[in-house]
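Have a look at the structure below, then the notes.
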């Protein structure tokens, strides 16, 4: 399950955590800690004849209580050890290097060599191939391949360039080729790598609101049991005198009873559950800025998902040329290829390839043609080519319609029918026009990912609503939404529309999760309850989000929700088990403990425990051992299942509630039998 080194370190750390200062952080286990000290003191008082407490029995209770505290410390230390192991590999990437600070951005030779730790926000640095990027920053000039394996674990280099949504670079990563001019956006101690190390080490982990609320409940229960246990000494003393039988309960038994009844199981494992949840997220290559974000992921009931890359494969391909009447398919293909020759997008290249495959169109001499390429812009929403008094454009239907009309041409109704047909089938239509005459439509096919419909069905079973966000027209969006099985969609989405959609759902009481990578996504990311920024995205997007996906995979959002729900399920399941345990231990111990005073209670000794001493020892041994048994479950988490919340609650109540009631009866009886056979009691 874990490396031997982590086990060894956890054993050492669990002993160090016996410090009173550290024990104060966990009030429930502090009760056990104080009980262990008192039992140890009573043993020595009995040993020297100062007290009437049985020295051998008291020593056994004291040792078991100390082991209970150590087991709780061990659970937390194991979880922290896994984080430290991950942090150690990250620390290897964080080292002080010499940076070339530019005095003048236009003169790459005028540099000052400065330690990376001395860089300040706004400094401009020049980084060459095979050099480490000294600090987090934004690329303002150049384009290069960057090895980010130290951060993401992915060996394939990625492109980082100025402008667009791939301009953010991380300190500690290495340039594989070319050069970059970077504006520093973080100082030493506040970099992305520093935040990662702090999070995985748990140094900056704060208790979440749910965790605090649960701890308040556990402390309240502990105080109630403490009050009840404290009254037992005078009560049993009075009762034994009145009954003329039995004797008052000993202080050792009061301590042992209190520990058995207090919610020590969940109290011991609560911290490790939270740390392990954060660790599982880190293993998925996601950095959460707080535990609150992970909990929110578990409560999310609305997911906003980008169509491209999440629902569809993201690389639309040209599949057909659909000419209008009077135009041949080859004529349309020829014009479409010419308009796409300088288009470096996947869609543009697929148009060129389709024309070659269908009609063997190739080998053009653009110099002889005096060709001038027209790039795509967000304003015109078209691209094309001008050559020898010919003008070809391709683009969105409404953009081409406006272009044709503005130049005195006629946009054929037949083209509208073709566009509607393509959009209705879930494709993207691009209209081609030559010399102000519409030639036809290129059918770009968007392929829905395999298995995505089943995943959305699982989410629906859990009560999570999925909404597809796309820039496509409503007809295309509706067709893809129907094929993918999402609940709703937002077509022709703008940053303002996304922000308003999130606010609308939040006003209705929903928790919303979304992903984003661009500066234009920042307002919506800042508004969302769970906001996952892509590592390849801009600095603004990363700062707006409360999580960063190092793999920059939009589908990761679904996995993040699963991890969040698993964390909440694990905490809830083990809390249920712990409380059920306490009820079972109460009914197992109390009758045996007091039937000396009240013989009628003998009828309630259903397990036939040998004696009060045996009952207490058996219960307190079980109380300690169950912590060790449940450590793997607290670290791994309760198995996640896609089903409605009501069914999930019923299932967990059956397994962990009923199981928590039955397990102590069986285990305590077996331990009692073992102690009797060994002659210990």
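From the backbone N, Cα and C atoms, a Cβ is placed for every residue, glycine too.
The following features are taken from Swiss-Prot:
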type	residues	note
TRANSMEM	30-50	transmembrane segment
TRANSMEM	59-79	transmembrane segment
TRANSMEM	216-236	transmembrane segment
TRANSMEM	255-275	transmembrane segment
ACT_SITE	306	active site, 4-aspartylphosphate intermediate
BINDING	343, 347, 376, 377, 378, 379, 380, 381, 382, 383, 394	ATP binding site
BINDING	517, 521	Mg(2+) binding site
TRANSMEM	587-607	transmembrane segment
TRANSMEM	615-635	transmembrane segment
TRANSMEM	661-681	transmembrane segment
Count the CB pairs under 8 A between the transmembrane segment (30-50) and each of 59-79, 216-236, 255-275, 615-635, 661-681, then give me the winner.
59-79
Quickly jot the same-chain residues contacting the transmembrane segment (587-607) by Cβ under 8 Å, restricted to those at least six beyond its ends, or write none.
236, 239-240, 243, 245-247, 249, 253, 257, 260, 615-616, 619, 664-665, 668-669, 672
Applying the under-8 angstroms CB criterion, which one of 59-79, 216-236, 255-275, 615-635 scores highest with the transmembrane segment (661-681)?
615-635
Any residues 6+ beyond the ends of the transmembrane segment (216-236) with a Cβ under 8 Å from its own?
27-28, 31, 246-249, 251, 254-255, 257-258, 261-263, 266-267, 270, 582, 594, 597
What whole-number Å value do you get for the CA-CA distance of residue 380 (ATP binding site) and residue 521 (Mg(2+) binding site)?
22
Could you give the residue numbers and ranges of same-chain residues that sit at least 6 residues beyond the transmembrane segment (255-275) on either side and whose C-beta is under 8 angstroms from one of its C-beta atoms?
25-29, 31-32, 35, 38-39, 61, 65, 68, 71-72, 75-76, 78-80, 83, 202, 205, 207-208, 211, 214-215, 218, 221-222, 225-226, 228-229, 232, 249, 291, 567, 570-571, 574-575, 577-579, 581-582, 585-586, 589, 593, 616, 619-620, 623, 626-627, 630-631, 634-635
Binding-site residues: 376, 394, 517, 521 - member with fewest neighbouring CB atoms within 10 Å:
376
Do you know offhand how many angstrom separate residue 382 (ATP binding site) and residue 521 (Mg(2+) binding site) by C-alpha?
24
Do me a favour and check the Cα-Cα span between residue 343 (ATP binding site) and residue 517 (Mg(2+) binding site); whole Å is fine.
23
Which three-state DSSP class does residue 521 (Mg(2+) binding site) fall into?
helix
When the Cα of residue 521 (Mg(2+) binding site) is compared with the Cα of each of the recorded positions 306, 376, 394, which one is closest?
306
